[in-house]
Amino acid sequence: MSENQPRRIVVGVSGGIAAYKACHLVRDLKEAGDDVRVVPTPSALNFVGAATFEALSGHPVSTTVFDAVDEVQHVRVGQEADAVVIAPATADVMARLVAGRADDLLTATVLVATCPVIVVPAMHTEMWWNPATQANVATLRERGVIVLEPAHGRLTGKDTGPGRLPEPDQIAELVRAVLDGADLTPDWRGRKVLITAGGTQENLDPVRFLGNRSSGRQGFALAEIAAHRGAEVTIVAGATDDLPTPSGARIHRVTSAREMAGVVEKRAPEQDVIIMAAAVADFRPVSEAGAKMKKGQDDAALMTVELVENPDILATTVEQRRQGAVPVGTTIVGFAAETGDADTSALEFAQAKLRRKGCDLLMANEVGEGKVFGQARNQGWLLGADGSVEEVPDGSKHVVAARILAGVDKLRN
Ligand code: CTP
């Protein structure tokens, strides 16, 4: 397959109310240039009509193995696919996949497919936690099927809990990451992971603050990949773009560096892996005015802002580990966004930073000229405390996240 050739993605849709979100998923995948074919189960068509899926995908839609028999459709769709994603996947369709049934076109397609199969469950919390469903999920995972974690939130009725379909753009991003080689093996089960993300804001007064351009995308992508690999993920997030909460992760919102430091210090002792992707302000105003400062009245304070240093959360966590407050087996990963100068390259600055901070791994990248901040892609180097340098090629932030977690795997194994 040449690099620019559209990839063939089969979107399976089963019969749950979240079937309407599959329309957005199809559109998102199509807009990125992929060739999308929708295979609904017969009951999915109670929620969304075949005409909608045909119009969005540009392909005919059938649910049964008895359509287009002359083209051997029941085998061909699965054989030709580069990925199959079932979103939403009901408890029923997962049970049928486990049993190896082929009683409609979707299950027949999965039975034939040798490409990655990604199952995105959506159902009521009780159905999700039912031992039958959990056993089916475990079986599918054992067989190499990627079963994503459901999102937590409002379900069809008034109830909330795990069982929501993740947002279509989150699913599309993960499907593309899998196609680009991201490892979603669910072998991080039982691992606790803490991730800092976004930018801190340091208040000057109730309306003004010192902040930065961090979008939180890289931290959220790390959280998503870790959660889908089975880890128990906690995100400590400062200001971020309006991003959906990664499925399966818990999030603590903070504003300032000191607040972030407080949460991290409390949570660090129970973690197996700590990844500091946040852009933490190094300094904060020496004092915060209780009332809005006014021009003409508070000019001196507004024109010259006196700053004091913030705690270095990464260096403090490394120091806590040295002193035994954080287990010695905890892996600590830092980030560095660098620019080079006439004498020193961005990579050399990053290597010096790794030594200074004392973390185990450092994901370094070069910033400036529209690179990295707020962008959907990233690239750089993954540096090890042992002096190793692994180039991380340009990829989506999800692909880069998967590379970083693979780096953690290498270190821990
Ligand atoms: N970091 C942190 N606490 C701080 C500053 C940074 O935990 N007060 C973490 C970041 O989350 C990142 C790493 O340290 O993982 C490097 O951040 P960076 O801002 O590049 O480091 P600084 O030490 O501030 O270096 P510089 O002087 O280059 O800004």
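The backbone N, Cα and C atoms fix where each Cβ goes, glycine too.
Features as listed in TrEMBL:
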type    : residues                                                               : note
BINDING : Asp282, Lys292, Pro311, Asp312, Ile313, Leu314, Phe335, Lys353, Lys357 : CTP binding site
DOMAIN  : 8-177                                                                  : domain 'Flavoprotein'
DOMAIN  : 189-409                                                                : domain 'DNA/pantothenate metabolism flavoprotein C-terminal'
REGION  : 1-192                                                                  : region 'Phosphopantothenoylcysteine decarboxylase'
REGION  : 193-413                                                                : region 'Phosphopantothenate--cysteine ligase'
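Close to Phe335 (CTP binding site) in the fold, though at least 6 residues off in sequence, lie Gln218, Met276, Ala277, Leu362, Met363, Ala364, each with a CB less than 8 Å from its CB. For Asp282 (CTP binding site), the same-chain residues that are 6 or more apart in sequence and have a Cβ closer than 8 Å to its Cβ are Glu309, Asn310, Asp312. Binding residues for CTP (Asp282, Lys292, Pro311, Asp312, Ile313, Leu314, Phe335, Lys353, Lys357) extend across at most 38 Å, taking the greatest CA-CA distance. Under the DSSP three-state reduction, Pro311 (CTP binding site) is assigned to coil, being neither helix nor strand.
For Ile313 (CTP binding site), the same-chain residues that are 6 or more apart in sequence and have a Cβ closer than 8 Å to its Cβ are Thr196, Ala257, Met260, Ala261, Val264, Met276, Ala278, Val280. All chains included, 16 other C-beta atoms sit within 10 angstroms of the C-beta of Pro311 (CTP binding site). Close to Lys357 (CTP binding site) in the fold, though at least 6 residues off in sequence, lie Asp312, Leu314, Ala315, Val318, Gly334, each with a CB less than 8 Å from its CB.
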